[in-house]
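> These came from Swiss-Prot, pasted as-is:
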ACT_SITE  ASP32  active site, nucleophile
ACT_SITE  ASP34  active site, proton donor
BINDING   ASP32, ASP34, ASP203  Mg(2+) binding site
BINDING   ASP43, ASP123  substrate binding site
Amino acid sequence: MSGCFPAVGLRCLSRDGRMAAPGAPRFLLTFDFDETIVDENSDDSIVRAAPGQQLPESLRATYREGYYNEYMQRVFKYLGEQGVRPRDLRAVYETIPLSPGMGDLLQFIAKQGSCFEVILISDANTFGVESALRAAGHHSLFRRILSNPSGPDARGLLTLRPFHTHSCSRCPANMCKHKVLSEYLRERARDGVHFERLFYVGDGANDFCPMGLLAGGDVAFPRRGYPMHRLIQEAQKAEPSSFRAHVVPWETAADVRQHLQQVLKMC
């Protein structure tokens, strides 16, 4: 399929009731990265670049809940002090396997032309995410990669910074994905792009917060049995009417692809 408008003159309303512009992307598809696109937590994966492929207990003991980004800043600093360079870390990121079926899913999405606008929101880091996606051949699919800024400093060592500040009590201090997605939607609205539906593919607890932006007709794709899925189930049980989006748990990315294929058939 080369586009979303096989019928001449077919136009649809966006989520806010506006008429969708011809040729504009109809659906926003948002992906998480760790344990969603890739089948590992990339912050754990880079330990393979450390001496002895492990971190000292004194460093691991500095982690505090809600301040994981600050902890990872210390991890990157330690790795740099041990002689680990960005090229060494890139080599690790490039070998992290995709989740089962993810390569096929991303190829399928890429073939849909203007149907989907695809973005990535990740609490990992830009250097790692982009390294992995380029190695897998999928970097160009994503219109925007929204992650904690990282890159070599003047000494040639990899550094990490927080994405932003926010006031959300549920999310880590460095990133609230609800805020990230909300700001992106406002930005695209200013560009004149109004999506008909939102699709969100994730796994972690921090992927639950942006679920508040999803409305009826939108779809949440939580990885089955992971924190995002459990939090959605708890919310549905506590107050069934409060969770408006359709929920499609996935075990492999083929589950996501199958549902998206059904969506396109109904367009």
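Keep in mind that glycine also has a Cβ here, set from the backbone N, Cα and C atoms.
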> Can you name every residue in this chain, apart from ASP32, ASP34, ASP203, with its Cβ inside 8 Å of the center of the Cβ atoms of the recorded Mg(2+) site?
PHE33, GLU35, THR36, ILE37, SER122, GLY202, GLY204, ASP207, ARG223, TYR226, MET228
> In sequence order, which same-chain residues at least six apart have a C-beta under 8 angstroms from ASP34 (active site, proton donor)?
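Result: GLU40, ASN41, SER42, ASP43, SER122, ASP123, ALA124, ASP203, GLY204.
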> Minimum Cβ neighbour count within 10 Å among the recorded positions ASP32, ASP43, ASP123, ASP203: which residue?
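Lowest Cβ count within 10 Å among the recorded positions (ASP32, ASP43, ASP123, ASP203) is ASP43.
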> If H, G and I count as helix, E and B as strand, and all else as coil, what does DSSP give for ASP123 (substrate binding site)?
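SS state of ASP123 (substrate binding site) = coil.
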> Using DSSP with the three-state reduction, classify ASP43 (substrate binding site) as helix, strand or coil.
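It is helical.
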